[in-house]
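Encoded as structure tokens, the structure appears first; notes follow it.
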Amino acid sequence: MTTASVSPASAQVNHSRFADRKLTFWGVLRSEVLKFRTLTTNWVMTLILAVVMVGMAPLYSLVVNSMAESAEMMAQASEGMAQTNAGIESITNMAYALGASGVDLANMLIAAVAAVFIGTEYATRSIHTSLTVVPRRSLLYTAKLLVLSVYGFVLGFVLAALAYAAGYPVLDSAIQDTLEFTNGLVLNWVAVGIYFMLMTWMGYGFGALFRNNAGGIVMVVFLLFVLPIIAAIFMGQFEWVADAYNYLPSGLGRVILTYDLSSDADISYLEGGAWFALWAAVPALLGYLRFTLTDTRG
């Protein structure tokens, strides 16, 4: 009877040079960045986002100019100095918020990018390969979320600055004279970045929860556009609906992006940001639970 023996030389040949390397978070993060960069849909959606954000700013400037003319005519008719000052301040604040003028259209697009990022892996079944390489599902989910968070914040800040630069020359010279490059202006751009980041959480969470592009995008559309319409229909009949209306994602987004929010506003910056973060974190958490606790084929 003969026995097969393996020489040390042959055993060393079969030993992979990567066998002793441990899977790290930074390695997973680099791989997710590479995935995000190579997905053509992300570049197309980013281009559309840029067109929407930057293109809306000049149109918004025209609206601000029109409102300024109307306010001036009303002030001349009433000869009220207090009304004139209040009107000028309101219009100036609107001009400072030029960077956020396209957000109402861009919010769905940025959420769609996040939903597609995870939904495409399920659609192409490449999620099985990803989980084979990275068995720790929480690690993979967190890495994807971090990539989307950085992408959303940076893109929002940059596009807000570009939108302001595009809309500023269209403003009347009288309005331009009232504008200065202040910390508040930069903070408004930061607010757009945070808003975009939270929208990626929402889109990513719904994409992971429903495991397809359409399901994630439809849920975002429902929360941002359909739910406010339904609430508006019943506002006159139920007082609690009227109270809850201000805490919907669409209304909270306007609070976050308002320049120089009034001190007596019903919802403050901090409260609005906290509630909006909750709206974004809940889908992300639900998506995490399904991603980590259920079979990918389910």
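Here the Cβ of each residue, glycine as well, is placed from N, Cα and C on the backbone.
Marked as transmembrane segment by TrEMBL: 43-63, 105-124, 145-166, 186-210, 217-238, 273-293.
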Leading stretch by Cβ pairs under 8 Å, where the reference is the transmembrane segment (43-63) and the options are 145-166, 217-238, 273-293: 145-166
Non-local residues, at least 6 beyond the ends, that sit with Cβ under 8 Å of the transmembrane segment (217-238): 107-108, 111-112, 115, 199, 202-203, 206, 210, 244-245, 248-251, 279, 283
